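Trainee: Before I ask anything, let me first share the structure, which is written out below as structure tokens.
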């Protein structure tokens, strides 16, 4: 503590003498570290997944989450939910910070994205139990109700968008393009979509990796690299980084699509869900003619209710419409920041959360434009504005990901990847030099 205090004194004295504009960060950072270093365990101390750690760390937050879902659809349970909330939050925190789902596995360095998924899941769980605890009126299903409270609670447990629930008002669902005339036809269409997005995901990831962000030989260590290549002239540097950012955005898009299709097939086949319980997730986001349209309609709405209820609602109460927009995007930014931290390689609040805050700022500029001109942002110039804004700040987000080696992730055995097999086939036939 004395060392930290002396350090602060030296920094403050240096600022007074030189006017160093970075003094704020230099002074505040030690306080930030002191606040968090004592109660957030170092990632290296996380326990591997065993039956004991599963029962002790993972099972409790899941049970608390389900019980809270059961209570929020049951009248007069507010005080029970309130009493359960601290247990739910603490157990989710312990699971997120004390459990390593891939520790001891082969290719551990290349599958740490699983821990990123764990942090996203536990953060989402914590956010939802807070929202459910504060709910005064019980939720109810407006469609697809089973008549069984336990099963309805299970659906709420898994249902992020709120399809068929009273709390999903205002949700914009993309038009259905799959064959829904019968369940077998729907499953066939979804399976085709699954295969298509699996191939697109693998080839997009291969292209990102081919820029040198990950040795395609899986025996090599995973090393993170910035997308900004310093030796290049500025124009070439940012053209290169922007192309990599576009490819990385496609990787994320295809990965989410892929997982959603897989879960859809499982739910319809094993749990007898109907096709309309699994509407499309995206609506061709590259056609968005405004940032508002991109985020409110065309991008996936899986966390929409979380961002509005946990961020937008309180933000509107205190600061009006500006507060609602910025608070919703702040919650989104914090979620993604925590998720990246889950990999155990650090995180970058200014690049990750900053990207989403800048998206909120862009939406506010569109609202200001409409207020001044009476016209919404749209048309060709609206599309150009939206894509350039997303791409310009998307460079920061992608750079934070790739510096931490996310491009080195392995989702299937290297020799069985369609992209690797195709490139090897082409090389063997002399159509492409290795």
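Note: Cβ is positioned from N, Cα and C throughout, glycine not excepted.
Remember, it's a predicted structure, so these values are computed and weren't measured experimentally.
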Trainee: Given the ranges 289-311, 381-403, which one is assigned the annotation transmembrane segment in TrEMBL?
Mentor: 381-403
Trainee: Can you check which of 1-20, 21-40 TrEMBL lists as transmembrane segment?
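Mentor: Of 1-20, 21-40, TrEMBL gives transmembrane segment for 21-40.
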Trainee: Looking only at the domain 'Wax synthase' (278-357), what is the model's average confidence as pLDDT?
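Mentor: In the predicted model, the domain 'Wax synthase' (278-357) has a mean pLDDT of 95.
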Trainee: So, do the transmembrane segment (316-337) and the transmembrane segment (349-369) meet, by the test of 3 or more Cβ pairs under 8 Å (sequence gap 6 or more)?
Mentor: yes
Trainee: Report, as numbers and ranges, every residue of the chain located at least six residues beyond the transmembrane segment (60-84) whose Cβ falls under 8 Å of a Cβ in that stretch; write 'none' if there are none.
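Mentor: Result: 91-92, 94-95, 122, 125, 128-129, 132-133, 135-136, 138-140, 149-150, 152-154, 156-157.
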